[in-house]
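Taken straight from TrEMBL:
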BINDING   29, 30, 31, 32, 33, 34  ATP binding site
DOMAIN    426-498  domain 'Lysidine-tRNA(Ile) synthetase C-terminal'
């Protein structure tokens, strides 16, 4: 077993390297990883020239055990004279209110708390002659080598680029992760040797979310059947990807300064020079322009469509993009600008969302859509669970007979149905030619249905729909318009799905 404390110090100096006098706010749950990190930081305070504080966020999820975790960390810090900050929140209630998964809501609230405390510490210590130096605060989290492997694999499964393959970085803004060199097993052994008695969160042993399933099921399977060193391989991939991403990002930034010209409502590139660039640089410049204009990143298919538009180079052609963006070719220039007029539907315009994109629906989970709205999906094993889910769906109704709509109910923003009748997976998309919907005992063209429903023409291409069969099967729901008859629940339904649309803003 390597000397973990020496490795920690070496890694801190080489990869973290904050200025001396900085305050380190260590996020500590009381578990193996964060307790080991807090202990090492405490032992190395003087050597590293840092000031140490600790923070614990109690999520209100595990009842008595959760409260005991908070008290454990408080007492641990008190015994060592470590400055301690704690807070509690009703994460389940906040998750239901915001339409998020427990994991997403917990992470959002936890990091908001940590940054709030970091701000208070910055004000507390950033006084006097050395205000700028002493007021610096970094937040240390206990992500370790196993977390890195899980993150890279999770990004790979969900779909990612080079930045996603880089996984977790040792330092990212005000966040530092000083344990990425160590494995979970090594941290557990460190705690044993130091006679620390970390707390155990039993929810980490439940395969009820993607990360837990990866850690408990998929990674052990892949290591056992294909490569025992898979964890090391994934971490090596992250290291390579981070270095390559840094190099390519710097190259793209240089090209951006040379080629990107400001235009009304956005940016433009000389088309001839743009097409001479490597594919990697073309993609990065398109993403940079989209981000500068909208603050959002485009999906792979959307970037590819912009490149197709540029390659054809036909003046007057346009491409509708999410986030209110428009790509346009005009007299040897590629423009990426903020759209100021509604989509006209003329023959020179392509609808990128309608033509190219289908978004798989996470069930259970939350699916974020390009326009900023999101759809939450949950499953219920019986009518009683269904009632609970529907009541939490932002007050849409009080019972399964009226809440959200099983079929029909114009204007519905939440629906339920028979999960076993769905041809899985479900997907979200915009309408396309040939779409038909099930109404009563028959079918109808979606176009005719929208006309009969008096949906304005300029709004029809903006509507989202949920369909089974990966988006190519039956249309189940037009959020805000109607729940169709396909996969309707009945007395024989054994498993229900509940979908809820949450509009942007």
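The backbone N, Cα and C atoms fix where each Cβ goes, and this holds for glycine too.
Summarised by DSSP class, the composition of the domain 'Lysidine-tRNA(Ile) synthetase C-terminal' (426-498) is 14 helix, 23 strand, 36 coil. Close to the recorded ATP site, the chain also has 28, 35, 36, 142, 198, 199, 201: residues not among 29, 30, 31, 32, 33, 34 whose Cβ is within 8 Å of the site's Cβ mean position. For the domain 'Lysidine-tRNA(Ile) synthetase C-terminal' (426-498), the model's pLDDT averages out at 86.
Just so you know, the Cβ of residue 30 (ATP binding site) picks up 22 other Cβ atoms within 10 Å once every protein chain is counted. Neighbour density for residue 31 (ATP binding site): within 10 A of its CB lie 18 other CB atoms from the protein chains shown. Cβ neighbour count for residue 33 (ATP binding site) (all protein chains, 10 Å cutoff from its Cβ): 22. Residue 34 (ATP binding site) is surrounded by 25 other CB atoms, counting those within 10 A of its CB over all protein chains shown.
Residue 32 (ATP binding site) counts 23 other C-beta atoms within 10 Å of its own C-beta, drawing on all protein chains shown. In three-state terms derived from DSSP, residue 33 (ATP binding site) belongs to a helical segment. Over all protein chains present, the Cβ of residue 29 (ATP binding site) has 23 other Cβ atoms lying within 10 Å.
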